[in-house]
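Reading through the structure tokens given below for one structure.
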Amino acid sequence: MLGNLKELYCLLTGQQRRQLLSLQVLVVLMAFAEVAGVVAIGPFMAMVGDISRLQGDGLLAQAYLLSGASSPNQFLFWCGIAVLGILALAAAVSMYTVWRLSLYGHQLGAELSIRLYNHYMRQPWLFHSAGSSADLTNKIVQECNRITDALISPLMQMNAKIGVALCMILVIVLLNPLVALVGVCLFLGAYLLLYRTVRQRLDDHGDTISATQQLRFKLMAEGFGGIKDVLLTDRQPVFINRFESASRRYGRAKGLTKALSQAPRYAMELVAYGAVILLVLYLLASHHGQLGTILPLLSVYALAGFKLLPALQQIYASVSIMRGNLAAFDALRMDLYASREEETAPPTLDTGPRPTLVPRQAVELCHVTFRYRPESAPALHDVSLRIPAHKVIGLVGASGSGKSTAIDLLLGLITPEQGELRVDGEPLAGPRRRAWQNSLGFVPQAIFLADASIRENIAFGLPPEQIDEARVRRAARMAHLDELLIHLPDGLETRVGERGIQLSGGQRQRIGIARALYDDAEVLILDEATSALDGITEKLVMDAIHDFSGKKTIIMIAHRLATVRQCDAIYMMEAGRIVDHGTYDELVERNSTFQRMARHS
Ligand SMILES: Nc1ncnc2c1ncn2[C@@H]1O[C@H](COP(=O)(O)OP(=O)(O)OP(=O)(O)O)[C@@H](O)[C@H]1O
């Protein structure tokens, strides 16, 4: 466990480590303050037990003389006030330290989740297409919370309590080394024995919490995301049963981890009562039954015990909670390492002109081979295609033939294993890739609608105050959204997405097309962008897109050949290869597969 905590410490930024070290100073201060409070009560109780101590030449008597108090009772009163003052100061220091520790722990947890969100948001498309968003959400929300609540916070509390416990033990050692030795052996031995007994169980429960939590997130994402299929196939019981079983195991593992950290307290209290009885008997025997001399000692022991026992309990509880949640750190370890080098400050959105790379001659895929996994067959095999600037190019082929993969390569979202993407003869790399992507307008097969207004969905990702109204209206008009907007009382302000109105597939696609047109991109890439539109609307939208012919470079995938009929050239794909290309008429004339596709479209 110590190795894991050390690793977590190494993963902190320089500033976070410095803050942690400065907090250690406060922790030591808190421990001293608490000890001072305990030690101060000893002499006070000595005077209460035997006021005659203020006579003679002892330390207390000298203090009484120096104070100038008019009577022993007045001196006692002011001593009481002083002890209260010290206790109040100790309480204030403790409160401040606990406050800072708590803030630090939770801010650190928040920063870890920012770091992970930042890291995942910067991952390439392949990372996201291969993974699950539910898993990422779980890591950012739940596992980060576990690291905050069940690793960092207990660690902070444990640090503070170790300081207090050590000082208290020191006080007892100074008073009576034998009592200290017996007490420390008794309690430390008991807690160590307990910890060794429950350690393996805590590990197992930690793993169960991680696994069931991940499963719960997955079931929620799948259940709600595919609710239509679930309702139709009457599979709710399958989802509910799996969720119920995962939740029950999760609740049990969490409960047991907490119980294992808290419940032993009562057994330890029993040990403590036994120890107090033993101590009283021992003190009575060693001081020949004189209660007056025992009382001050006993009050210091009592107060030290009063601080020490909860401190020991807190240390044990912290250690067991941390042990039971180390799995959260295991789940995030690799991602935290990977995100260490990245900038964590939120990048500012550059509203100035962005560099663009507008093709003047052609965009080309040159002998491109690509596979999704090293062991899988190539999704694209030695593909070469040329898209002359300001022309409209269609890409057709059977499902799974590699059209979307080719589009992802053209978008610069994935990089070829062999061959290259060239714009005007120059390979696309480094800053040219960003500039190229700035010049693209893309309409995917499935349009993601944010839970926001139609306006915000068209200017997707921009803060509302930066949205250009005129551009939104122009894009909406070109995508033939007007006929939808006039039926909506709130027009562009109408909320869509999860909590908004439900749109048809075609209406969603038109929002997607308007989104691609918002930036007035020089290159438009449409992946089955009009598949859900009715014939008439599709024709209107395609006419609007073909109006750009000669002005913009347009690449479109379509299953319906009518959609690509007007294209300047059509590339046909089959099993990851380009098998033919030409105009619609040429292909209909010579290619039998194309003829079949034309007959069935
Ligand atoms: N993220 C991915 N991970 C692994 N394999 C993938 C991934 N995406 C696509 N593939 C595989 O690559 C091949 C080409 O898929 P692609 O989506 O490019 O075909 P497509 O022609 O666009 O199909 P469709 O018309 O059905 O959209 C398929 O065999 C597919 O299984």
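Placement of Cβ uses the backbone N, Cα and C atoms for every residue, glycine included.
No curator has checked TrEMBL annotations; they are predicted automatically.
What you are looking at is a predicted structure, and each value in this text was computed from that prediction instead of being measured.
Feature annotations, courtesy of TrEMBL:
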- 40-299: domain 'ABC transmembrane type-1' (DOMAIN)
- 363-600: domain 'ABC transporter' (DOMAIN)
- 20-46: transmembrane segment (TRANSMEM)
- 75-99: transmembrane segment (TRANSMEM)
- 162-194: transmembrane segment (TRANSMEM)
- 266-285: transmembrane segment (TRANSMEM)
- 291-312: transmembrane segment (TRANSMEM)
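Within its own chain, the transmembrane segment (266-285) is flanked in space by residues 179, 183, 186-187, 190-191, 194, 294, 297-298, 301-302, 305, 309, 312-313, which lie at least six positions past its ends and keep a Cβ under 8 Å from the stretch. A mean pLDDT of 84 is what the model gives for the domain 'ABC transporter' (363-600). Ranked by the number of CB pairs under 8 Å to the transmembrane segment (162-194), the listed stretches 20-46, 75-99, 291-312 are led by 291-312. Same-chain neighbours of the transmembrane segment (75-99): 23, 26-27, 29-30, 33-34, 36-37, 40-41, 43-44, 47-48, 51, 54, 64, 67, 69, 157, 160, counting only residues six or more beyond its ends whose CB sits under 8 Å from a CB of the stretch.
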